[in-house]
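Per Swiss-Prot, substrate binding site is recorded for S65, K66, H138, T139, Y256. For 1-27, the entry in Swiss-Prot reads signal peptide.
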Amino acid sequence: MKTSHLIRIALPGALAAALLASQVSQAADLVPPPGYYAAVGERKGSAGSCPAVPPPYTGSLVFTSKYEGSDSARATLNVKAEKTFRSQIKDITDMERGATKLVTQYMRSGRDGDLACALNWMSAWARAGALQSDDFNHTGKSMRKWALGSLSGAYMRLKFSSSRPLAAHAEQSREIEDWFARLGTQVVRDWSGLPLKKINNHSYWAAWSVMSTAVVTNRRDLFDWAVSEFKVAANQVDEQGFLPNELKRRQRALAYHNYALPPLAMIAAFAQVNGVDLRQENHGALQRLAERVMKGVDDEETFEEKTGEDQDMTDLKVDNKYAWLEPYCALYRCEPKMLEAKKDREPFNSFRLGGEVTRVFSREGGS
C-alpha cells in the first residue's frame, strides 16, 4: 500500500488516473453481455427422462480430415473421409449438441430435471478428463476448441442467470469450471505461436472458446490471450475487407469469410462489456469484414474476381450461419439493410456459440 501511495504522488495526474483505472480493470471480475443475466423461464411441466451421457471422449485426438486428399486450398470435401471423420467425432458432437439443448430447455422451461441432466453430462466429462489428450493432430485440436466453446458458452447462461440456478450445485460447478480452465489452457498452447500464414478462422474460433472460458472461470490471462488473437485477426483484414488466408479457400472463400465472423464478433462483444473496445482495431477491421461479407452474399462477383472461382453458396443459404449478426449489431449501429437481413433470419441458434444467440443479444443497434 505504501508503494502505491508514493506512485500516486509522483505521477502526473492523468498518468496516475490511467494507472488506477488499469488497476481497477485488472481487479474487476470478468462478465458476459447483459443478456446472459436473463432469469430462467417460469416452470412449465416436468422434465422428461435424462438421455444417457455420451461416452466421455478420452482417447487420442487424431482424426481424419474431411478434406483429406484435397489440394492446398482445402476446399473440396472428400466424401469417404468426411464419413470417417463424422464417425470418429460422434461422441463429441453429441455432447456439444445435447448439452447445449439441455441448457436451452432449462432456460426456457425452468424444469429442474433439465438442469440436473445438463450438469450431470458436463460433470461426467469433467471427471473423466475428456478432450485433454496430448496426442492430437490439427483436426483433433480443432475439435477440442470447438467443443470447449460450445460447452462453456452454454454453461455461461447458467453461471450468470439472475435466477442463480447453480447455487445448489456448487460441487458440480467447481468440477465443470476446473475442467473448462484446463481445456482453455490447453487450447492456448495448441494455437499459440503460429506463423501468420497459418492463422485463419481456426485460430479465431480457438480465441472465442478461450474468451468464453475466461469469463466462466474469471481468468484474466485467458481473456488477454483471446483479445490478443482478435487483434492478430483484425490486422489480417485488408483495406477492402478481405482475409487473405480465407481467399485461399477459392470456391469457398466467401463462405469462410462468413465463418470467420461469429467468433470475432463474439470476442469483440465480450471484450466491450469488460472495458476493452476492439471496434477500431486496424481502422475498423471487423466492420470492413462484415460489410464485405454481406455485399458478397448479395453479389459474389467480387469474391469470384479475387479467387478466379465461382463461389459455393451452399452454407450461405443456412440462416444460422449468420448468427454473428446478433453480437455485431449489439456493437455497431447496423444499417437498415443489415438489420433487415438479421430479422429475416432470426432467431439464431448456434450450438458452437452456446445456443440461443438471439436470446442473449436481443438489443438492436449499437453505441
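From the backbone N, Cα and C atoms, a Cβ is placed for every residue, glycine too.
Less than 8 angstroms from the CB of Y256 (substrate binding site) sit N200, N201, L243, E246, R249, each of them six or more residues away in the same chain. On its own chain, H138 (substrate binding site) has S65, H202 as residues at least 6 apart in sequence with a Cβ closer than 8 Å to its own Cβ. Around the Cβ of S65 (substrate binding site), 17 further Cβ atoms fall within 10 Å across all displayed protein chains.
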